[in-house]
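Colleague: Supplied in structure tokens, the structure appears directly below.
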């Protein structure tokens, strides 16, 4: 079997995607359309494809015939506007939810379908350019209350502050309760935001222009708001509520498309299922610091995760000559520069925009410079 197989796929044109986003990230031919995500994995919704020389059509077929499970899904993501507020289930929650919806006969493509597969979807994102912006995880309610000083006197704001004083969970669940007072508070906060200058007011105004009346406008004020430089990263485990606002990055996750949404979207919001999977524990932004594993090689992986959390992958960033062991099949993506990849049996060149699948574990030797991302299992 050849050691290197070229991969490709078609960018997914979600409305939130940046025009020519994937093409700009990889140096591909632009389409003039939104290019939100490029999926590089075996997920049945969009399996990455091989060229005609390969013995398989796509990674889904490779999984079946090789009887090997790829433990991750790699994406190139490029957002021009916010994705929905969302969270993802644990492995046990995903298995139970998928089985429940299968037994109920809910079509995979149905609007109300929550679980598209029985897998968890913990994920990390590495910014490939400066200015990647995200909301991620509940912050300390005291920080939200302090930010609400810009909205002092707005009708209903004291009621919400009282709920924030009681904790994250009551304040959040009230926003999704359907209480008419929520809509009135959203309208009042949006109106005030146009009259004051503050980071919170700017965020409210931006979100309201896209999702008028959405309670997620207020939820956003409960979350950590971060802006990443190129190479900086976030770790988003099961239960973490988050929304990418804009920017381009490499995203590595469990092989799943299970998304529980909580606002800033025209798509289905299942309040009860979302609150069942959410982690309401407040904390600082979930930044992920890469681990230097060799000169010119950094590994993006969480320092510790609970047993059975479905986290058995890492993303390597290679910027110089290196030799690295790969425990599982891997996917290599050239972001810029030029590299030569070598195994004990074969050599391949990889420049900007090139994507290679390495179907066998082993030692990978890399020479060159630039930015080369390699997704692999643990």
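Each residue, glycine too, has its Cβ placed from N, Cα and C.
Curation does not apply to TrEMBL; its annotations are automatic.
So TrEMBL has the following annotated:
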ACT_SITE  261  active site
BINDING   86, 88, 123, 242  Zn(2+) binding site
DOMAIN    13-139  domain 'Phosphomannose isomerase type I catalytic'
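Tell me what's around each of these sites.
Modeller: In sequence order, 84, 85, 86, 267, 268, 269, 270, 274 are the residues of the chain that are 6 or more apart from residue 261 (active site) and have a CB within less than 8 Å of its CB.
Within 10 Å of the C-beta atom of residue 242 (Zn(2+) binding site) sit 23 other C-beta atoms, taking all shown protein chains into account.
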Colleague: Would you count the other CB atoms within 10 A of the CB of residue 88 (Zn(2+) binding site), including those on all shown protein chains?
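Modeller: Result for residue 88 (Zn(2+) binding site): 27 other Cβ atoms within 10 Å.
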Colleague: Across the domain 'Phosphomannose isomerase type I catalytic' (13-139), what are the DSSP residue counts per state (helix, strand, coil)?
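Modeller: Per DSSP, the residues of the domain 'Phosphomannose isomerase type I catalytic' (13-139) fall into 27 helix, 32 strand, 68 coil.
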Colleague: List the residues of the same chain that sit at least 6 positions away from residue 123 (Zn(2+) binding site) in sequence and have their Cβ under 8 Å from its Cβ, in sequence order, or write 'none'.
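Modeller: Same-chain residues close to residue 123 (Zn(2+) binding site) (Cβ under 8 Å, separated by 6 or more) are 88, 236, 251, 252, 253, 254.
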